[in-house]
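The N-linked glycosylation site annotation in Swiss-Prot covers N86, N103, N145, N277, N287, N350, N370. Per Swiss-Prot, phosphoserine is recorded for S133, S392, and the stated evidence type is similarity to another entry. Residues or ranges marked as motif 'Nuclear localization signal' by Swiss-Prot on the basis of similarity to another entry: 78-81, 439-443. Among the features that Swiss-Prot reports, signal peptide is placed at 1-22.
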Amino acid sequence: MMKTLLLLVGLLLTWDNGRVLGDQAVSDTELQEMSTEGSKYINKEIKNALKGVKQIKTLIEQTNEERKSLLSNLEEAKKKKEDALNDTKDSETKLKASQGVCNDTMMALWEECKPCLKQTCMKFYARVCRSGSGLVGHQLEEFLNQSSPFYFWMNGDRIDSLLENDRQQTHALDVMQDSFNRASSIMDELFQDRFFTREPQDTYHYSPFSLFQRRPFFNPKFRIARNIIPFPRFQPLNFHDMFQPFFDMIHQAQQAMDVNLHRIPYHFPIEFPEEDNRTVCKEIRHNSTGCLKMKDQCEKCQEILSVDCSSNNPAQVQLRQELSNSLQIAEKFTKLYDELLQSYQEKMFNTSSLLKQLNEQFSWVSQLANLTQSEDPFYLQVTTVGSQTSDSNVPVGFTKVVVKLFDSDPITVMIPEAVSRNNPKFMETVAEKALQEYRQKHREE
């Protein structure tokens with residue numbers, strides 16, 4: 001008799017495939033009501049995701065407007081910088097024509113300047129740059145022997161540095177523009193779609209995207225070119241067919257931005273001394289010109305800069321002053337261009353980051369491939385509710401809820417008993433935890 005009673009108790013506790021909460025059975029009707037409440041939360045999150053996508057689209061457009069404004073400023077600064085560089089080169093050419101005037105004086109000073117410059121540079125390199133001192137020393141000696149004191153006198157190193165900087169700046173902007181143009185052509189087509197100009201409706205009841213046929217904005221030669229929204233009015237929503245082309249395009253746009261943006265060879269000047277030292281080390285290894293920046297530490301080198309040849313050629317004073325003025329202007333606009341270029345690059349990275357967010361939003365929604373494939377009307381279906389009394393694996397003080405979300409395998413979530421089954425927040429908490437796990441799983445795939 002006792003065995004029979006125990007058997008009956010066991011059957012009651014496992015009634016209807018384990019759909020029990022302690023000793024109280026959870027009926028099919030209750031499970032259906034819970035599924036309905038949970039699905040409402042999922043529906044709200046889908047709508048939020050779609051709104052989020054549009055918000056990111058708006059941010060991308062705002063960033064693009066800021067980028068255009070910066071590009072206009074860059075073009076203006078570039079024109080002024082190039083004018084100053086041309087003036088500098090003209091002044092340099094005129095000065096070169098009179099370089100023999102003080103040649104003997106300069107050569108004598110140059111012979112005393114070179115040993116000090118080499119020693120100062122090699123000490124710096126050994127202390128800061130460290131690697132390859134022997135090779136650099138040999139290269140530096142050749143460089144100094146081939147250099148002219150007149151080049152030193154008219155700040156040829158500053159001129160060459162400006163010209164090299166100009167070349168690198170132009171290349172950096174070309175790389176960024178190429179990246180943006182590739183991404184922009186994709187985004188232009190993406191954002192022309194009617195989806196981005198309409199408010200998201202209630203996805204739980206009908207497809208908000210099937211009310212109108214989409215115009216063929218995409219180039220028919222594209223692999224993904226097709227009618228993205230071919231669904232007739234009120235046909236159930238299929239997220240995969242709807243969003244996968246969008247998802248593919250966003251991924252392509254992000255790749256187009258990232259591939260080149262992270263390979264820009266130009267390094268923006270940074271105020272910190274250790275960063276400046278790295279730049280000087282690179283210049284010394286490259287062609288020894290970095291050593292000329294140490295001329296202020298050698299007295300005889302400074303004397304070369306102070307040589308006055310005006311007694312032999314009065315016009316040279318004016319030419320040298322013109323060169324000095326144009327150099328200062330060119331350096332000023334080069335620095336301004338650097339600052340604008342760096343801001344421009346930051347805008348590009350911001351756009352890339354926003355595309356990444358857009359990618360993540362679409363990634364989740366576009367994974368809902370079988371959302372309406374089954375006859376089940378619920379996004380979220382509760383299959384089992386249990387507690388520690390009905391399942392020894394459930395921690396004390398928790399309620400175990402097993403759900404199916406979309407086409408997923410069963411997902412188990414634990415809800416603190418402080419949030420009771422009668423609490424309106426119960427199913428919202430269940431749905432939130434289940435959705436977090438669902439999204440995490442798809443991020444890992």
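Just so it is clear, glycine is given a Cβ too, placed from its N, Cα and C backbone atoms.
From a predicted model like this one, the values you see are computed outputs, not experimental measurements.
All features noted in Swiss-Prot, drawn onto the structure.
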residue: N86; record: N-linked glycosylation site; Cβ contacts under 8 Å, 6 or more apart: none
residue: N103; record: N-linked glycosylation site; Cβ contacts under 8 Å, 6 or more apart: F150
residue: S133; record: phosphoserine; Cβ contacts under 8 Å, 6 or more apart: M122, Y125, A126
residue: N145; record: N-linked glycosylation site; Cβ contacts under 8 Å, 6 or more apart: K114
residue: N277; record: N-linked glycosylation site; Cβ contacts under 8 Å, 6 or more apart: V128, C129
residue: N287; record: N-linked glycosylation site; Cβ contacts under 8 Å, 6 or more apart: F143
residue: N350; record: N-linked glycosylation site; Cβ contacts under 8 Å, 6 or more apart: T63
residue: S392; record: phosphoserine; Cβ contacts under 8 Å, 6 or more apart: none
- Message: Should anything in the same chain at least six residues away from the motif 'Nuclear localization signal' (78-81) have a Cβ under 8 Å from its Cβ atoms, list it; otherwise answer none.
- Response: 166, 329-330, 333-334, 336-337
